[in-house]
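Novice: So that we are looking at the same thing, I have put the structure below in structure tokens.
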Amino acid sequence: MQRPPPEDFLLKETKPHLGGGKVTGDKLTGTYDLVEQMQYLYVRVVKAKDLPAKDVTGSLDPYVEVKLGNYKGTTRHFEKKTNPEWNQVFAFSKDRMQASTLEVSVKDKDVVKDDFVGWVLFDLNEIPKRVPPDSPLAPQWYRLEDKKRDKGRGELMLAVWMGTQADEAFPEAWHSDAATVRGTDGLANMRSKVYLSPKLWYLRVNVIEAQDLMPSDKGRYPDVYVKAILGNQALRTKSSQSRSINPMWNEDLMFVAAEPFEEPLILSVEDRVAPNKDEVLGRCAIPLQYVDRRLDHKPVNTRWVNLEKHVVLEGEKKKEIKFASRIHLRICLEGGYHVLDESTHYSSDLRPTAKQLWKHSIGVLELGVLNAQGLMPMKTTDGRGTTDAYCVAKYGQKWVRTRTIIDSFTPKWNEQYTWEVFDPCTVITIGVFDNCHLQGGDKAGGPRDSRIGKVRIRLSTLETDRVYTHSYPLLVLHPNGVRKMGEIHLAVRFTCSSLLNMMHMYSMPLLPKMHYIHPLTVSQLDSLRHQATQIVSVRLSRAEPPLRREVVEYMLDVGSHMWSMRRSKANFFRIMNVLGGIIAVGKWFDQICNWKNPITTVLIHILFIILVLYPELILPTIFLYLFLIGVWYYRWRPRHPPHMDTRLSHAESAHPDELDEEFDTFPTSRPADIVRMRYDRLRSIAGRIQTVVGDLATQGERLQSLLSWRDPRATALFVIFCLIAAIVLYVTPFQVVALLAGFYVLRHPRFRHKLPSVPLNFFRRLPARTDCML
């Protein structure tokens, strides 16, 4: 028996005051019902008019300062303008209010000291409340007063109200805790945003043949291959077996392309003249906007494309483009595949690229990011440790990022997000990061946002319509061992629109049909996944504000396939745990044979005689027994989502040398060349073995999860199937069942379908303990 993990590393159920207390049983109602309400004072500064000139020159460079106690926010200033327009919103958290009066001052920007123009004062007790979906509060003109409360010249248009984080003004508002952040770049980097992954396609290039090539050396047989480049992806065919000026290849090359298609596909036909010298015989560029898109396995039309070559004219340095021959291609964008950009164990989306092939959504996933507790100091500012934490959640093509809470080890976000769900056997990933870009510094090679930890939740392990409120430990593996970086408090709800549709999903293939009709090889999938993750990280890092490469790669589990002694040991013990049940049955049967317990042995003999005399009772007895076990285990079904298990991952017991090897660079940093070569080869081979071992463990764990109620819907389906099977097999003669089963297994290939069978689809959708792997 393994010792239980430390209390610190376990999930903790909580009972937060969600949605302002609007709770009806397990269900909540209203907007922002999965988070705790946070009160804010909002000030919208719209514009000013008829402002008096302050400078000797008779000009005015106005800006507005909004002050509440120690918190002060300012608008941008305008050069020489008496009727400026700002339209900026300021938000002050009610928790941090230290004054009873709000001061909104207009000032004149000056080199030495800014001049006071006038102000408007508000008593906080008199400010109205606004609750969405009420329309926004209309701004009003207020006459500016001087310090003696006399009416001065000029007016300021304002709207001031009390609201919550559900207010439309909340995402774009300047927050009082951002007072220390400098510049517009820093402010943009701390706001909450929603991002969309680029739409990814597989591009299939079938290189068939070339015609009438013109090599420079006519006296030798050309050794020709085709090189294809798309962005930073480069692939090449094998050298043509027909060594002539009309070579044939008939070879497929696969790329990942992202909309909008910015770069063309560049094909070049090259001749290997010498071991390290290749001559380009011709090239062409094909824009992807005009490439055919196919949704199924029907072949697309082939086409001939002209190849061109740069020729240097004699006696001149001028280059001329000359027709060089033709190449025969079949090229298409594959819409029937799902482009894998995540780890296959933690996929959040399994839909094909083409929208026409999408099924209807089966439900809605709602996530409330409440707060974090006990975060570790991630960086040093002014001689003390600080953390500026934000969360990123990814599900499907939609990424969300909460606002950054400045300098807090117990940040409160209380933000809520929603996703459409198309498949219950998917995983949402939530990561916590430390923002290192609040003072600008977005240049390449600048600081990187530090990872604080990650949480994964598989939707199929959640009961529908139930609100899960748990505090998840943020566990990160460092070179010196596993560390708890704090806890994140989440509220999750999975709502199903049609139970029947969702149950039907368990009989469907996990991936789109094309993955089974025209499967891609394992090495192809590895290479394409790497390219897809690179494209997604580059595109999201170009957003404003950017979702940085280090964040995207951590969320997509880039590098998780690398060799690790710790992971290999963990996967081995997972297999042993699965086989432990079979071994226990073997030991029990051995005890029966050895008459360790005579009464049990006699009962087994009686049961054995009955089943031999009445063989038709064997299968119904087994299914009835499984049904009873499933019903019996229902009482002990898990009541909270699974989370990373440090003992299962062997993170706590890892030897320092193993961790040193795991965090070693790839290729290794060992100095000797021969050691590097052997060490890297060992790691790559061991990485494959580790994957196979993990996959074997996953299959065994799926068998275990049939009756464990880890996925309540799948277990319910299986238990009901067992009952029906027990009844049907009870009334059907055993000989008929055996004949039908035999004929079905030995059926003619004409009656076999290329898609996986319903039982196999159901089995592949069952959860495994991969979700709990660190």
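Cβ atoms are placed via backbone N, Cα and C, with glycine included.
TrEMBL annotations: computationally assigned, not manually curated.
So TrEMBL lists the following for this protein:
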type	residues	note
DOMAIN	22-142	domain 'C2'
DOMAIN	181-305	domain 'C2'
DOMAIN	346-472	domain 'C2'
TRANSMEM	572-589	transmembrane segment
TRANSMEM	601-634	transmembrane segment
TRANSMEM	716-746	transmembrane segment
Novice: Taking DSSP states H, G and I as helix and E and B as strand, how many residues of the domain 'C2' (346-472) are helix, strand and coil?
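Specialist: Across the domain 'C2' (346-472), the residues distribute as 7 helix, 62 strand, 58 coil.
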Novice: Within the domain 'C2' (181-305), count helix residues (DSSP H, G, I), strand residues (E, B) and coil residues, in that order.
Specialist: 9 helix, 64 strand, 52 coil
Novice: Determine how many residues of the domain 'C2' (22-142) DSSP places in helix, in strand and in coil.
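Specialist: Here the numbers are 6 helix, 56 strand, 59 coil.
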